[in-house]
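S.K.: Sharing a structure with you now.
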Amino acid sequence: MYFNNELSDLKDHLLRKLQYYTYSDVVRDRINFILWEFKFLDCFLYLKSFPFASECGMLHVSQKMIEIWKSQWNKLIYICMYDEEGSPWDAVVYWKELISQTKQEFRAQYSFPKSPLAANEVIDDDDDDNTHSPEFVMEVIGFFVGNINVLVKINDPCSCFFVPGLKEQIEQILKELKLLRFLVCFVSNKCIVPQYRCTTFYTRALIEASYIAMVAWLYLPIYGNGNQDLAPSEVSRLLSDFMEMKIKSIEPGISRNSIYIDVLQALKSTIPQAQKKHVEIPTHSLTVGLSDQMANLQEMLCLLRDNLIHLPILDLEFHLQDMDSVIVDAGLLIYSLYDIKGQMEDTSLDVINWALGFDLPRNIEPIKVMAYLVMQKAFHCNLPRIHGLGYVDFLLKNLNDFQDCYSDSLAFLKNQLQVIQTEFESLQPFLKVVAEEPHNKLKTLNEDCATQIIRKAYEVEYVVDACINKEALHWCLERWLLDIIEEITCIKAKIQEKNTVEDTMKTVIARTSSKLARTPRMKEEIVGFEDVIENLRKKLLSRTKGQDVISIHGMPGLGKTTLANRLYSDRSVVSQFDFCAQCCVSQVYSCKDLLLSLLRDAIGEESERRELPDNELADMLRKTLLPRRYLILVDDVWDNSAWDDLRGCFPDVNNRSRIILTTRHHEVAKYASVRSDPLHLRMFDEVESWKLLEKKVFGEQSCPPLLKNIGLRIAKMCGQLPLSIVLVAGILSEMEKDVECWEQVANNLGSHIHNDSRAIVDQSYHVLPCHLKSCFLYFGAFLEDRVIDISRLIRLWISEAFIKSSEGRSLEDIAEGYLENLIGRNLVMVTQRAISDGKVKACRLHDVLLDFCKERAAEENFLLWINRDQITKPSSCVYSHKQHAHLAFTEMHNLVEWSASCSFVGSVVLSNKYEPYFHDLSSLHDFSISRILPNFKFLKVLDLEHRVFIDFIPTELPYLRYFSALIDQNSIPSSISNLWNLETLILNRRSADSHNRVLLPSTVWDMVKLRHLHIPNFSPENKKALLKNSPNLDDLETLSYPYFARVKDAELMLRKTPNLRKLTCKVKCLEYLHQYHALNFPIRLEILKLYRSNAFKAIPFCISAPNLKYLKLSGFYLDSQYLSKTADHLKNLEVLKLYYVEFGDHREWKVSNGMFPQLKILKLEDVSLMKWIVADDAFPNLEQLVLRGCQDLMEIPSCFMDILSLQYIEVEDCNESVVKSAMNIQETQVEDYQNTNFKLVLIEKWPKFYKLFSQLSLPRGLVLHLGIESVSSDEKEKKLTVTGDVDADEVQLVVEKLRKCGMPGL
């Protein structure tokens, strides 16, 4: 759009002058207002040459402007171009007055803009073709929309753009223009013939748009001009009259909508395929109140429009022709109604039906059906294909709660919901079977039914929410629930049929031949694992007479089969056996084929054997092997049942027979083991990785020196997985042997490896039970190389409904079983286990597996990652997000940007790329969560990973089950009880604020579903209200960190939490206690951590917890009686940790017989203990003793020498007498009692040793940690060698210390 040349030059010169000045906000607003006016004038002056300009008033305006401005031309030129000393602001003010004057004079001449004439009077076939171009029409309309839209966004009363009281009318104008643009787009992409109808339509659309723009420009805005001639109320009335005039006839007998009807009728016979972006629905004009039927039509079209945006392109195109027909029919219906309504005021529905020649309700019905089907399809196509079996549990609980809380809203659905609830409850036993069944032939059938059931649960939840929030029509929701009931009935029938034929299926379904399951591999030369091979060779050739099973297990791609085949073909091994035979079991196997394979290797091929039954073949094999020493290789065993089918064929006659078994699963390896422990095959180290890569690429030759550095880097990038190394070697072998090519491989390494190795991981994933697939894929929400805290992981699993409940077991225990199952399948690596009970505390995934989880989760609509470097913009993916997907973000700004596109997302997990813990949390930025939460109405998990500060606690998310963040507040709002579904609440504080008390409202005790509550240093806001009115939190299992100022406060809270299993709290201590009051903790409490709130005072109560297993006391004053009295109430205690404890005035601790009978781990750190007296029979089951910073302790009691269960003593930073007594205990344990598992660790801290500790293996099992780079010893020569950044004096200090500790010959 261009202004005429002379005026355009003046405007450009003025703008150049303005850019050199600095202006206030008020002045800048007025300059922007002038520019806004110029944009309209540009367009009007450009369009005035078109024939229709005179018909919409544009020509009159343009001519008037030119006349007025010609009279002022000389003054304009002077101000803008020649007045160098004057301010450009003078020109701005003058131009503003001039434009205002133009508008005012035009409004005075025309009381209202002249209405455009009929189309047949303004359209000439000889018009410029540009007028008929849909692209040009859409460009003009888009310009008008953008310029008018500015008026809606400005809310500042001081702005020139401010339009008080007219926002609704302006939005209606914008809606009219947008519809017009969409309709032009719709027609231009669909209508092929006849072209003349389209040309007429495009010109009519341009006239309508120009006419609307003229009205908007002449009468808006009306504030700040100073000389406006119309009050806001008059402008409002004019705009309303204008909108009404659009449905009236242009002149008698000629309808404004006739052209629209004409072009839509043309579309009826020519509806081609189109893209989704072109499907728009004309709901803008449905404001004419014809009857309830008309309102019904509007609701149908709104429903159709709102759900179309959630359909993927493929599904949309599948239904597009039907939808096109419905949309065109709706358009014909609407414009026909306008046509007749404009001519027949106050017409009844019957008259309109007669006039149009059809039945209005009957014509609305197809639109109604299509709207319902699209709504269902939009929901179904975006559901995840992987589900948690616990989802039905949550739905059943929520149905009761929703019907209680929203009884009025759900009244009309009450009967259907009760039926659905009954049906789901009847299906619970089936879901339990699916969760507990092993892999079998009916697994797929059961899981298909379970998936369908859970999808119905998703639908019910959506329907209930839509009903409560009035987001869908009652008839639609009611019909949907009836359909759900019918579908559940069909699922139940299918389950019943499956149960009826289950026995038949077991005998009929043939097992696939193991030969078809796996192609026999050629003999491979193995590189690496030399230590493993030597260890296994020794086991195979050992002199142990009994049969032994050598089990090798590990993740896919490690080379288990290659390793086993190398041993099986090793001549030094094979020569020691009479028979050697092998078989490959695979996932789906035939027992007959396995037996035939073994018999063929043992005694040769015979075709007649295939006709024998399985039991006769098994007996033949057993008799063949019975008198001989045999070596059997059983490769790729997937479950215990496969081993059970074969084990009876391998007799044990004490002749040193051996079986090599490979499997992916630890439980299978352990199950098959006889004498030797299963071998978990490790990853390659860096040396082995390079050797394998070099061997595969260069064969017997060496790598050229120029390629070695990049080759080493590539080998390291392969993640120590032999399979990945071989895949990369295959790529390098086909490339030129130069650095540039290898650099290119290194840069693109990840995608090549992961894509090629996916099939192997996919096979392990495919056989996972239904309940483990969602748990495994959820690891994709975590970052690479990040150690995952198990407590957090399990709580997330539970909140995501991945865990199926089972009577008599907690969800946490069931989830731990799920995790151990994944670990046993070598899909998850353990990084830390608890010393006391061996439970997993932390884990991680190999990068190959983690990438698989991310990719497969995206394919299954399960998990979407939004990365910092995401190429796709949120605006381009609004329609691609999955309704129930989980989202993982690496940066908070990604979450803010994408939140508007994620209204149906079920969970948001922030996985920050930086370290998981911050020393200074105050450096983090606050985050306004209020900006995004309204977009997440179905949010169930919001895990900000304890690293994002929030400006307020969200309380309007009824589905939320897990919430974790950082807070600044010193109080929690009482409205938090609105989160009545919440199960895990974790709110941490800034490090600087951690000592400030947080007041917890009494309403928290109404959140009866809470299972884990963590808020540092909190106390109840109203203790009386808590005592009298609040219910118990029966489901609460973990509570941290409440502050107890009095024993009564603790008693009160403990009564309200009867099923606690873990409690971490602070208590206010007293100066001194003569008597101890026993505080009864919950019967199920297993872990208790008590911290002091003031320095070294006495605990005001005696702990009584009969099932307590773990106790940590930090910072207390303990007199000689306290621990003795406490021990009487802690008969099952297994772990006792005392930190910063003051042992009375005499600094003495007496432990009598019978105290702590089950204690396994005792740790004392920085305690003021001098004399430790322990009876001979105390600590009868102690396994580990750790002493750190016990500088005053005289010695470790000698009775520890006689504790036969003792396996480990660690002494760090204690005096020399303690070290010497520890060494004496070690000598007695190892030499006198032959306790070969005993280990003594001595750790010394030296002020100048700042480097990492390294280990020194010394005589008699002693291990010394020194803060230096390298330490080695020679036992025979009594020589100690130390390397590192240390001087001779420091080394001498070490030597003297060791001599004093009992090594005088050093």
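Here the Cβ of each residue, glycine as well, is placed from N, Cα and C on the backbone.
Positions annotated as coiled coil by Swiss-Prot: 407-428, 520-542. The domain 'NB-ARC' annotation in Swiss-Prot covers 521-808. Taken from Swiss-Prot, the feature ATP binding site covers G554, M555, P556, G557, L558, G559, K560, T561. For 858-881, the entry in Swiss-Prot reads repeat 'LRR 1'. Residues or ranges marked as repeat 'LRR 2' by Swiss-Prot: 921-935. Among the features that Swiss-Prot reports, repeat 'LRR 3' is placed at 936-961. What Swiss-Prot lists as repeat 'LRR 4' is 979-1007. According to Swiss-Prot, the repeat 'LRR 5' annotation covers 1010-1035. What Swiss-Prot records for 1057-1081 is repeat 'LRR 6'. Annotated repeat 'LRR 7' per Swiss-Prot: 1082-1106, in sequence order. The repeat 'LRR 8' annotation in Swiss-Prot covers 1110-1129. Summarising the annotation, Swiss-Prot assigns repeat 'LRR 9' to 1130-1153. The feature repeat 'LRR 10' is assigned by Swiss-Prot to 1156-1181. Per Swiss-Prot, repeat 'LRR 11' is recorded for 1216-1240. Positions annotated as domain 'HMA' by Swiss-Prot: 1240-1306.
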S.K.: Reduced to three states, what secondary structure does DSSP give K560 (ATP binding site)?
M.R.: helix
S.K.: Cβ under 8 Å, sequence separation of at least 6 from the ends of the repeat 'LRR 8' (1110-1129): give me the contacting residues as numbers and ranges.
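M.R.: Cβ under 8 Å, 6 or more out: 836, 1069, 1073, 1076, 1078, 1086-1092, 1095-1099, 1102-1104, 1135-1146, 1148-1152, 1155-1156.
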S.K.: Over the repeat 'LRR 1' (858-881), work out the mean pLDDT and round it to an integer.
M.R.: 57
S.K.: Quick one: among the binding-site residues G554, P556, G557, G559, which has the most Cβ atoms sitting within 10 Å of its own Cβ?
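M.R.: Max Cβ neighbours within 10 Å, all protein chains included: G559.
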S.K.: So around the ATP site, G554, M555, P556, G557, L558, G559, K560, T561 aside, which residues have their CB within 8 A of the centroid of those CB atoms?
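M.R.: Output for this site, in sequence order: R664, L681, P722, L723.
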S.K.: Over all shown protein chains, what is the count of other CB atoms within 10 A of the CB belonging to M555 (ATP binding site)?
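M.R.: Taking every protein chain into account, the count is 23.
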S.K.: Return the count of C-beta atoms lying within 10 angstroms of the C-beta of L558 (ATP binding site), excluding that atom itself.
M.R.: 24
S.K.: What are the sequence-distant neighbours of K560 (ATP binding site), meaning same chain, six or more residues apart, C-beta distance under 8 angstroms?
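M.R.: Those within reach of K560 (ATP binding site), by Cβ under 8 Å and sequence separation of 6 or more, are I552, H553, G554, T662, T663, R664, L681.
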S.K.: Quick check on the repeat 'LRR 7' (1082-1106): DSSP residue counts for helix, strand, coil, in that order please.
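M.R.: Its residues fall into 0 helix, 11 strand, 14 coil.
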S.K.: State the count of C-beta atoms found within 10 angstroms of the C-beta of T561 (ATP binding site), not counting that atom itself.
M.R.: 18
